[in-house]
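Here the structure is laid out as structure tokens; the discussion comes afterwards.
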Amino acid sequence: MSESERPEAGDGTDALGASPDTPLSSEDAAELEQLRREASVLREQLADAAGTIGSARSVRDVHQLEARIDSLAARNAKLMDTLKEARQQLLALREEVDRLGQPPSGYGVLLSVQDDETVDVFTSGRRMRLTCSPNIDTKGLKKGQTVRLNEALTVVEAGHFESVGEISTLREILADGHRALVVGHADEERIVWLAEPLVASADLPDGYDDDLGDDRPRKLRPGDSLLVDTKAGYAFERVPKAEVEDLVLEEVPDVSYNDIGGLGRQIEQIRDAVELPFLHKELYREYSLRPPKGVLLYGPPGCGKTLIAKAVANSLAKKMAEVRGDDAREAKSYFLNIKGPELLNKFVGETERHIRLIFQRAREKASEGTPVIVFFDEMDSIFRTRGTGVSSDVETTVVPQLLSEIDGVEGLENVIVIGASNREDMIDPAILRPGRLDVKIKIERPDAESAMDIFSKYLTDELPIHEDDLSEFSGDRSLTIKAMIEKVVDRMYAEIDDNRFLEVTYANGDKEVMYFKDFNSGAMIQNVVDRAKKNAIKAVLETGQRGLRIQHLLDSIVDEFAENEDLPNTTNPDDWARISGKKGERIVYIRTLVTGKSSSASRAIDTESNLGQYL
């Protein structure tokens, strides 16, 4: 039945089309009731189905909307990042354009700061009074500082002190403490301002020095090299000159008199000359005795001249500490070791300036009451007799400079000069006269007794000794070493054919055979012992037997003698003989006599017409 044909509920029929007034049978009534119940169930199911369909549709829509929102949010974030990056690039490009479009900046040297916060600046060759940018703290500006100027000549930035320029030598600091007299190129003198760091160094007390620490400032003193801007008229910093610092070695040597063998008499002489005046000044004043100003140690090479000079400084420091009641372990003295040949300089006046600086340094140290030893090694190389120069006459000005320092108007208190040379005959006589180098001590070659003393310094009880040698003296190490030394010295000083070294012929026709003992030295003895120790080490590696043997020492003597065979073969045997300590009649012929080697034939060498290099 169609919808139009179905009776309406409002026209007296029920939902199933039956009129309530129509009489029904019991069967029809039961069927009608059954249909009504089924319709009610279907109506409920229909309502439930409609609600389920609507709910599912709404959840699906929500998920779709959420997914779309997430996608839009991601796109939005990506666009934000892109915009931010583009903005940063635009800002960087704008800054780069602004930077490239800026006018050039100038630089100047700050001369002074005024009360109205303006500043005087030296720039472009002119002195100008300029204003400062508001972000510049004028109280923090320092004289001599580099400042940056903009196009309007306004100070916009404070920099560091200038680090390049000309080198000038400080002559003196003026009374105001802010200016100094310096000597520049070609001895041109000028007055310059001192930058604030140099003013602070100039104000340090006299005893203040940087020797106690690398980070501490050092007092500014005449002779220092300064970095100077001659146009601005400012000195910025002290520049240490390496060539001067290297020539002077300030140290307290650790060598004592006990380390020196075979020179007892010479040590006594130098102790009397150096230590007594320092330790007993009252007695010297009481007897009106003037202490010596200098000592000359002369003699052949390798005999201990430099060693004695070091021991003097060490002993003097300890004795002075005992007199003052100080701890001997903290004894202090200064040993200024001057390397003679390196003192020479090709520029006129530089050598003399170095000598002045050396003695100035010595006086500064001595003013504290500390003994100062100024040691000139190879003294003949720089203070030779005036007028004897072959290629130059530098000694004509260097020698007077030393004389004026030793015996000039300005005295030397607590300073003693020690010179060492193996050609004392070449040193200018004015230096050697009394009143300058008063004491002259000859360091001779060691004799047999001295050689035993020297050997005992190197052959000690701590050394490993071979069991076979120890067994000969019942295991007594001291007796074994003593016997080893005696045998070695007897072999070294024996006048046998194996020890013959040279046959020399003098100008008067006399001939003389010289043995190796005539050319022995402490350095040669040390070399012999070192060779023996090396042989003992090789024996351990080869045979496994440990310990030093007497045979090692005897073999070392033979090797040492053999190595010296060709040393006398020089172009000037007379000069070689003088250096070696053989003086007297002029030598014209030399013949080597080393056994086991091919002896050279007799050679006539004229020492007057054939001058050349010597050993």
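Just so you know, glycine gets a Cβ as well, placed from its N, Cα and C.
The region 'Disordered' annotation in Swiss-Prot covers 1-36.
The coiled coil annotation in Swiss-Prot covers 25-102 and is backed by sequence analysis.
Within the same chain, the residues at least 6 positions away from L307 (ATP binding site) whose Cβ sits under 8 Å from its Cβ are V255, D259, I260, G522, listed in sequence order. Summarising the annotation, Swiss-Prot assigns ATP binding site to G302, C303, G304, K305, T306, L307 and lists sequence analysis as the type of evidence.
The ATP site is defined by G302, C303, G304, K305, T306, L307, and by the 8 Å test on Cβ atoms against their centroid, the other residues of the chain that qualify are L297, G299, P301, I308, A420, I443, S521, G522, A523. One residue stands out among the binding-site residues G302, G304 for having the most other Cβ atoms within 10 Å of its Cβ: G304. Listed in sequence order, the residues of the same chain lying 6 or more apart from K305 (ATP binding site) and placing their CB within less than 8 Å of its CB are L297, Y298, G299, A420, N422, I443. Sorting the binding-site residues C303, T306 by the number of other Cβ atoms within 10 Å puts C303 first.
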